[in-house]
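The domain 'NADH:quinone oxidoreductase/Mrp antiporter transmembrane' annotation in TrEMBL covers 23-288. As annotated by TrEMBL, domain 'NADH dehydrogenase subunit 2 C-terminal' applies to 290-342. According to TrEMBL, the feature signal peptide maps to 1-20. The annotation transmembrane segment is assigned in TrEMBL to 59-79, 91-115, 152-171, 178-196, 202-219, 240-261, 281-304, 325-343.
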């Protein structure tokens, strides 16, 4: 792919995202979602490998179906109320359809099956876009319609997502699939709180984007896609491997790292809403995902390849550590002390 083509696609992604998050009219938001979908497809399939073509096809079909449901939901609401404003979604059937449509767009369970397959067929840089920027327009639509959404359906999908995201990631050896199930699990935490505290859900999303970006950039830098190759990285790039371990433990939500902050605040808010049982359930379910984060961290830092020699055990730093990765890792691990300030803002 030529640099000019790549620039056009990336600019289209930014245009589609900006259009959706800044619009008040349903048609404009839908147009932004469509621009996003069409712009990411060439980036998924640029390797022309059959797996990449399959991933692009699956992505197109699911996103087209979800966009059609978004349009159908907004038209049903406009038919009954005469309102095309995003914040004026009041018809119950429209709310139900929109909740399902955004769940498909995000990859919330039980509409999650497309996401691990698409991420596995995409390059790491495209996988980063799919896990971060492509989630922003649906999350912003959830934010704008949070008071109108079907809370029971959203809570059920959130708990199922947290469970499946942890459970299905246990048996994976492909790192991109593990990160896809990690994303599904984190989306469950965001979905469960967005009806009660939309700002907290956005904060959780921003911190998730920060930590996931650090993980993807580190994996891209050490050129690792499988657990078996991750085991050999410590002997080559110990600094990046140590940074990857810290970011993964932060994604797992272990204190005193940054990833603990959104989970702490979400559990606190759910308890205030008399949902202590739900908060306990998702906390226990997140232990499933903690296992595969710990396994990734173990493979990245402790395991040495078999039959190593003393020469291999020496620390080889082939290239200086990327400044962007260093900054992102620092932020992914050390933002917990600002939690009192964030609590007052929420």
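Cβ from N, Cα, C; glycine included.
Automatic prediction, not curation, is the source of TrEMBL annotations.
Sequence-distant residue pairs (6 or more apart) of the transmembrane segment (325-343) and the transmembrane segment (202-219) include at least 3 whose Cβ atoms are under 8 Å, placing the two stretches in contact.
Counted as Cβ pairs under 8 Å, contacts with the transmembrane segment (178-196) are highest for 152-171 among 91-115, 152-171, 202-219, 281-304. For the domain 'NADH dehydrogenase subunit 2 C-terminal' (290-342), the model gives a mean pLDDT of 74.
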